[in-house]
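Noted in TrEMBL for the protein shown:
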- 118-139: transmembrane segment (TRANSMEM)
- 166-190: transmembrane segment (TRANSMEM)
- 202-221: transmembrane segment (TRANSMEM)
- 259-276: transmembrane segment (TRANSMEM)
- 343-363: transmembrane segment (TRANSMEM)
- 383-407: transmembrane segment (TRANSMEM)
- 419-440: transmembrane segment (TRANSMEM)
- 446-463: transmembrane segment (TRANSMEM)
- 470-488: transmembrane segment (TRANSMEM)
- 494-517: transmembrane segment (TRANSMEM)
């Protein structure tokens, strides 16, 4: 009896609290909708409200917040502005030229500081881009440095620890010029025409090829979970070894016995289960679990080993809250080597990927949100491209790869986000992240690796649109996807796919030319016959 009374009283209290909350929420929504802010963002016109936009911004941020640590980790693999001069050298000796590719306390400390810079640069570029998209274009979209271009910059252009063909400073100059070119293209309205220059099968395959490339990076030893390692005979093989050569990465013993690999697999399964159940922020949960476990010192999978560098990183991590100022990556731009062919290939590749990705993402998000009109355009389209291009220019000045509109924005749109207020909320969340640099820089690569693989999975969706029954479409698409991860180059994949497509098109071109020549021959013969028939008898036509 008493239990029933208590139960009824408890239900009554909950109902009253629920009703009070609804009334308060309605009052807040009405007040914001009728305010200058509500009218500016057109909340009533787009049939939404403040709390919906707040939930939408939160959902989008949770699904794309992984980029803060993932982007910083990927670009930091290039070494940034670190050089041989940062290496620790023996007493009275100079550091060897290959010190950047081998374990070296001085160089690793420089890379660690660069990663802190890149975390802040990633957050700032995402904050500025998302806020500008919300205020200027009034669209519920989040922006951040794009996956794909960051891997291309880190592993193809600058190379792992500066082993590539151009320097980090030159790469940032390329990003700056690419952003200016994209801005000009957007302002002139020729973006769609430029996107159509690449054959459709190659365009579709690019997303999947970049996804495979990113997943391959996430599986490697230095950048990810460590499942894939080098082999002198087969080039790559199964690794996840308990003991590896720190300089070459080859397995010294204990295959599939790496503690960090198995910890990463738990995080990967957590992310997969979250995606299966459509749990928002499932990537963040997977990364967070692996990271929290890796912060435990004295274990075989700790990110803070008992070394001078480990102690330094741990002491910085203990600050938890700290505002880090960018020291090396901001303004690191150089045009000195723009006379090299690699620079112009990189510029063309980044511009193409940026135009293609931005165009596709914006139209997809607009379709999901119901923004498209009968002509296939949407309100704020022009300014959306201007904001996207301008954000890339800001990102290059801070030291990160091209900034792009994120497909994870669909999470917020599905939550009811319909205005730029969602973008403003996303920007505010990124602003709060600025004060958590010690925590964000302490995320280990084996926590990032599973999310890179999941990004690869998501980017494979486009293969369903490729005409696999048509050889002329299937072969270039397959070459594009295959060459990117196997040659470790996004540019090589695009060039290979386009080359094969035009080679296969030669047959149609030659056949069309022969048909045209035959048609012309028949026309000439017909004209000659008509002239001969009209001539007087006995008169020879010369």
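Quick reminder: no glycine exception, Cβ is built from N, Cα and C everywhere.
Keep in mind that TrEMBL annotations are predicted by a computer and have not been checked by a curator.
Fair warning: this is a prediction, and the values are worked out from it, not measured in the lab.
Distant neighbours of the transmembrane segment (343-363): 141, 146, 148-149, 152-153, 156-157, 166, 170-171, 174-175, 177-178, 181-182, 185, 191-192, 194-195, 198, 203, 206-207, 210, 337, 372, 376, 381, 384-385, 388, 392, 402, 404-407, 409, 490-491, 494; these residues of the same chain sit at least 6 beyond its ends, with a Cβ under 8 Å from one of its Cβ atoms. Non-local neighbours of the transmembrane segment (470-488) in the same chain are 155-156, 199-202, 204-206, 208-210, 212-213, 215-216, 463, 494, 496-498, 500-501, 504-505; each lies 6+ residues outside the stretch with a CB under 8 Å from one of its CB atoms. Highest Cβ contact count with the transmembrane segment (494-517) among the listed stretches 202-221, 383-407, 446-463 falls to 202-221 (criterion: pairs under 8 Å).
When Cβ-Cβ distances under 8 Å to the transmembrane segment (118-139) are tallied for each of 166-190, 202-221, 259-276, 419-440, the top count falls to 419-440. With respect to Cβ pairs under 8 Å, the transmembrane segment (446-463) is most closely packed against 202-221, considering the stretches 166-190, 202-221, 259-276, 419-440. Cβ atoms under 8 Å from those of the transmembrane segment (383-407) belong to residues 60, 64, 67, 71, 75, 80, 117-118, 120-122, 124-126, 128-129, 132-133, 136-137, 139, 141-146, 149-150, 152-154, 172-173, 175-176, 178-180, 182-183, 185-187, 191, 326, 328-333, 350, 353-354, 357-358, 361-362, 364-365, 458 of the same chain, restricted to positions at least 6 beyond its ends.
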